[in-house]
């Protein structure tokens, strides 16, 4: 008999260090904060342009291509007209790079996926939602509520439509976070479960047939790992483009 | 960060971020309040993972001073 480990153990927070502060609170350094600081360090030291050289090297081309990917998320017409959406490009680039690097670091075996923590990703998406609401009120004052009234709505349907639009606005903010977190959790769970299956095939019964059959889930593991890399990129792209949509809706309401 | 050798461009970074900093402050306050409530709730106050397990947590530092 061998021990079966729960595939959910990889998402548990383990405290490495606890420091008591003066007001009875405890500052905890856990695997979450460790990998968060690691991500920030990697981004800080790795993501920079080669400004000192006139001729760009291959690394500069990579950084420029990431910049181009993010800047192409912004709708062209808004950049040409008054460039108001272009002011939010640093925020969008930061969100894109941060989520991409955390997703990719989470794929390293025996590391920790920060974006698998729902509360963290939900806090990020609700911050973006709240920020876009504050931005909308700042630009349009009470005309911001025009966002909840679609164009050409019949008058008798107005109360129902406004309630539905109100709920859908907040549901979009929640779904932004839950989408990313659920995708990463599902992928990591699948990898853990298939890993357990391979372990069962290779170590439970030392026969050649079970080892040969075990090659099937092994190839599946490789395929799903590649899929997880693709999902990391796709989910980053989706998160950033939806953030752009939030900010664009707050600035332009219904395209006025 | 021109002190690190980077070139300065006049891109407005902080001013467009102010609504989102405000949003982060509101969301942070609400999340910390919810966390505090959960830590003191009957379900989790004696949980071994709770760093404050077994200790009486006062509602505020002023209430703690008042009890002495």
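In case you wondered, yes, glycine gets a Cβ from its N, Cα and C as well.
Features reported for this protein in TrEMBL:
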type     : residues  : note
TRANSMEM : A:21-47   : transmembrane segment
TRANSMEM : A:59-79   : transmembrane segment
TRANSMEM : A:91-112  : transmembrane segment
TRANSMEM : A:118-142 : transmembrane segment
TRANSMEM : A:154-174 : transmembrane segment
TRANSMEM : A:180-203 : transmembrane segment
TRANSMEM : A:215-238 : transmembrane segment
What residues in the same chain, six or more past the boundaries of the transmembrane segment (A:154-174), come closer than 8 Å to it by Cβ-Cβ distance?
122, 125-126, 128-129, 147-148, 242, 246
The transmembrane segment (A:215-238) vs the transmembrane segment (A:118-142): 3 or more CB pairs under 8 Å:
no
Among A:21-47, A:91-112, A:180-203, the most Cβ pairs under 8 Å with the transmembrane segment (A:118-142) come from A:180-203
